[in-house]
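Undergrad: According to Swiss-Prot, the protein carries these features:
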- 221: N-linked glycosylation site (CARBOHYD)
- 338: N-linked glycosylation site (CARBOHYD)
- 480: S-palmitoyl cysteine (LIPID)
- 1-17: signal peptide (SIGNAL)
- 18-459: topological domain 'Virion surface' (TOPO_DOM)
């Protein structure tokens, strides 16, 4: 099955070079019709082949691209941004601690980014802890600054690898490209001065693991090499081939766009810039696989139909539709006319719209003109009904185009936040928007009173302060009582002194007596 996958992909390479898989194929001209027997029916060869008259064969080992490989290789990676968080604490006299957090950038190193990515990938809690604020230290009546470095990993970040030049392309990079070709642990600077891009795999050359080794036969004539028969038995001519390197490996590009690498000593020109393998068009592997699966399904249906025809000995118009060639090129056309199975040589061309085949009612366009049926029978199962409507079986089952439309509609790539805006110049003090969702918010914290003591010391201090307060209250109260008692004694003494010096008036005479002694003397008289 894998070999047939590769064979079919090689066969439709020319079709892809011209565009998507065709909606339908129809002959642009038909040869004369010839009666054939049922045993002459055969399923079409939907592969590109070439004829050669060379006879000398030599077994060789060659290298080819893996099935589904594309010139535009997707390299999964991640971005790493250096963020330094500072916590500034100040403890005042009574123990209040004020903490302020500040963030700024620093240029990260690839080694540290790789370690942070491995921790995040493994679910190591140390990565999440590194994004948290640093545990702030404090000292009484001092300002303490604590710093903590974080490496913010954002993934996925997918870039494109050019297998011709090994350059990386992405809008993340400065000038859109990164040409560093280091083998181990490479990194690329980005539009942000403090962010670098790194691949998920340390060895970026592993992304060029596009090759597979096969065995085939080198076909030669007496003078030169004619081509190579690959392991699937398909002859590949070297006529029109040119030299081209893929991921540093020298090889040749065949005329149909196939790349091979084998020992070839004859002269070949270097491929021009327009002669690239599959060009630079991005082809989704799922799209190619769906088309290949549909081709294989149709070939199996054709073989089943052929087996049914041979065993039953009967054929119908519907069954003849399975023998139509699905890709442009030379093939056969079949019809069932007047009870006779007919065959004609035909050259098929692609059809992208049904209007190209049926421009108006009753007209089947072949070779630029309306093809005349025989008894309302055309070829390859196409007939005309009584209402002059042309019926094509594949118009009801165009699965190939449905695959294309569905796959294109369902591809939603991840958009790295750096792609949403451009970053040209940033300072260390500015934290860019795409990093903020991964970090804690900067904030200012004020703690409760804390003298930096343990619990028992804190309780001892509180008890000592309480006892000291009681003693102070008692002392102040005692002092107040003593002061009041002393004040009262001084008041009494002053009153006694004032009485001894008071002036006495005699009631009989208006004579002033200046003292008690003089009063006693006067009364004695």
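Glycine too: its Cβ is placed from the backbone N, Cα and C atoms.
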Undergrad: Quick check: in three-state DSSP terms, what is residue 221 (N-linked glycosylation site)?
TA: coil
Undergrad: List the Cα distance (Å, whole number) between residue 480 (S-palmitoyl cysteine) and residue 221 (N-linked glycosylation site).
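TA: Pair distance, Cα basis, whole Å: 131 Å.
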Undergrad: Comparing the glycosylation sites 221, 338, which residue's C-beta has the most other C-beta atoms within 10 angstroms in this structure?
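TA: The residue with the most neighbouring Cβ atoms within 10 Å is 221.
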Undergrad: Whole-number Å only: compute the distance from the Cα of residue 221 (N-linked glycosylation site) to the Cα of residue 338 (N-linked glycosylation site).
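TA: Pair distance, Cα basis, whole Å: 49 Å.
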Undergrad: Mean pLDDT, the topological domain 'Virion surface' (18-459)?
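TA: Average per-residue pLDDT within the topological domain 'Virion surface' (18-459): 77.
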Undergrad: Note down the number of other Cβ atoms within 10 Å of the Cβ of the residue listed as 'S-palmitoyl cysteine', including every protein chain shown.
TA: 10
